[in-house]
Amino acid sequence: MSEPRKILVTSALPYANGPIHLGHMLEHIQTDIWVRFQNSMGNMCTYVCADDTHGTAVMLRAEKEGKTPEDHIKAMQEEHVRDFRGFLIDHHNYYSTHSEENRYFAELIYTRLKTNGHISTRTIRQLFDPEKEIFLADRFVKGTCPKCGSEDQYGDACEVCSATYEPNELVNPKSVYTGATPVEKESEHYFFTLPEFQGMLREWTRSGTLQDSVANKLAEWLDAELQEWDVSRDAPYFGFEIPDAPGKYFYVWLDAPIGYMASFKNLCDRRDDLEFDEYWKKDSKAELYHFIGKDIINFHALFWPAMLDSADFRKPDGVFAHGYITVNGEKMSKSRGTFIMAKTYLEHLNPEYLRYYYAAKLGAGVEDIDLSLTDFAQRVNSDLVGKVINIASRCAGFIKKGGGSLSDNVAEPEMLAAFQQAGIDIAGAYERREFSKAIREIMALADRANEYIQSKAPWVMSKEEGREQEVQDVCSMGIHLFRLIAIYLGPVLPAMSDKVKAFLNVDSLNFTDRETVLTGHAINKFKPLLTRIEMTQIDDLIEASKEDAAAEAKPGPKAAEKKKAESKQDKPEEGSQEIEFGDFAKVDLRVARVIEADHVEGADKLLKLKLDVGNGETRQVFSGIKSHYQPEDLTGKNVVLVYNLKPRKMRFGVSEGMVLAAGGGDELWVMEADSAVKPGTKIS
RNA sequence: GGCUAUGUAGCUCAGUUGGUUAGAGCACAGCAUUCAUAAUGCUGGAGUCGCUGGUUCAAGUCCAGCCAUAGCCA
């Protein structure tokens, strides 16, 4: 056997601003399976992670909760650790970016960058909240889009027309903290001179470190011009102050990946068999891999290797991006109850179900993974309970009757050899992170094992005199096959693996054990290894998730500086929050009569309506109902208009109000008022 | 708008460098079996491989355009 590989693996650091949900779990389950597989193969694979604790969002969250940031991140970390443990994620260390080790490495790396001339400074003008005395990141300013006139848009891009711009270009900008009108203020910022690494990055991104599609994607930037990266933020900021730069702090994304080093260093200090330099020095022979979500590729495949390069550390051998989780084919949604927290899941279902299902669907690519809940239940039940566990379950009784020990004979040596041989392909699939392929092959083995037992029908033989040994041989063979399948599933199902060890009376079920055969070996009584999923459990989980979402009061601005890390999946979707009567009373609803309705040139979804709103006044309203209504269907109808909605400039003209409709998606009905009602009548 | 992906049976997905009648699991139907957590085995129906063109003796696979979906644009 070749020399064991020394491998260091990380999952992206969860942000200390919210709970772990099933999206996070995809990444940690993927990483954990890979790490367990490596160790099962006899390699020395270390897995570290940490909470990402810095930044404005954490600072404000703590402030809102009336805590210090330190107290807040400590509580968060405890929660995160508990959730990961619940899902059997075996981080060898789970640390924090708010640690002395991380401060040390952040300062060290920064100092080296600076010494190498890779830090430049220049003064930038930025919006500033004069009430709260804080600089405003793009997402903390809202106003009217300068391109299309849409209201209430973030400072970096318009969600309506997709224009991108600078926050100071917004019309009528407001701070999301205080509502104050921001002022422009100058500040000196520190920049990392990324363009100097263009050549290195071009080569590095194409050297097998990244998935092809990711490398293609990055080529967009690398073939164009890279920009310098702003790595400083002004006080007040929760983070590390930049050496020799009072009032300036490292941007959270500078010290976040350094957290991988800090966590590993912290572990090395407690372990005799791990040495930091062996893994991080420039010419390290150890392997380093980062598992991340596809949303944070830039940070890990551009900024991070460039920083490491300048600071004279080794670069990663691989950055592996995965896609997002959808539930029942759609984005996780709070109101639908599919925004599922790790904690809530664990209160209803066994973590290994999810580990198995994710594994069964994960490939090496960046495609999104759909958690289809009915498929989930069916697949887990039929694969794990119906096929795999059934093999042991149907053989164990006969073995017990025969004395409790496996036969000295191997009934089907060729079949056994084929099962052992299959381990090579399966290992290859795990290694390449093609877990779904590994699972397919394992399930094919389980099918073959069941076919074998079926064809031999030991229950028939057991009724015939003198065939006792044959029964033992066949059922022992079944157990041998089961054991191999359990070995192959071990990285995915560690808790079940432990139960199988107890059943088979063995100490280990590693890939390296697959050549041995338990002939003549005494085994223990079979106990159920896993129970089936009931659909009611899933229904309960969805219900509980809806309650979670409702309980989570969401006043105040959504802290969003870490939007890249938290991204869409964390975006609150309004459920049905209670409102005061006063809130409702603000909406002026009136009956309006459609005078004209027309198609809009160039618009896929819109119809242009001319409405009589009483007192001789008419309004022009654009309504996204083209897919369900023809203009002639609407003319002459009385509809419900939001009379006091702010006019909104759209590409095709100004829309002065909004027509109410029920439904959405496949079904949509415009709300109509009785034809007897006069246009302009108020609705209350 | 530009870019990166995805689109194959009711559902979830495989389909290697283009090569015979396009596969699996689940679900469904029938039969067998009853050792097993009603698990298992056998048989079967089911697909215009998003659409339209093109290259080729041959296209799910290559090329172009279009449509839909998702994401990215620091």
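The backbone N, Cα and C atoms fix where each Cβ goes, and this holds for glycine too.
Per TrEMBL, the features are:
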BINDING   A:Cys145, A:Cys148, A:Cys158, A:Cys161  Zn(2+) binding site
MOTIF     A:331-335  motif ''KMSKS' region'
BINDING   A:Lys334  ATP binding site
REGION    A:547-577  region 'Disordered'
DOMAIN    A:583-684  domain 'TRNA-binding'
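Taking every protein chain shown into account, A:Cys145, A:Lys334 are the binding-site residues, and of these the Cβ with the most other Cβ atoms within 10 Å belongs to A:Cys145.
Here the Cα atom of A:Cys145 (Zn(2+) binding site) is found 28 Å from that of A:Lys334 (ATP binding site). Mean per-residue pLDDT, taken over the motif ''KMSKS' region' (A:331-335), amounts to 77.
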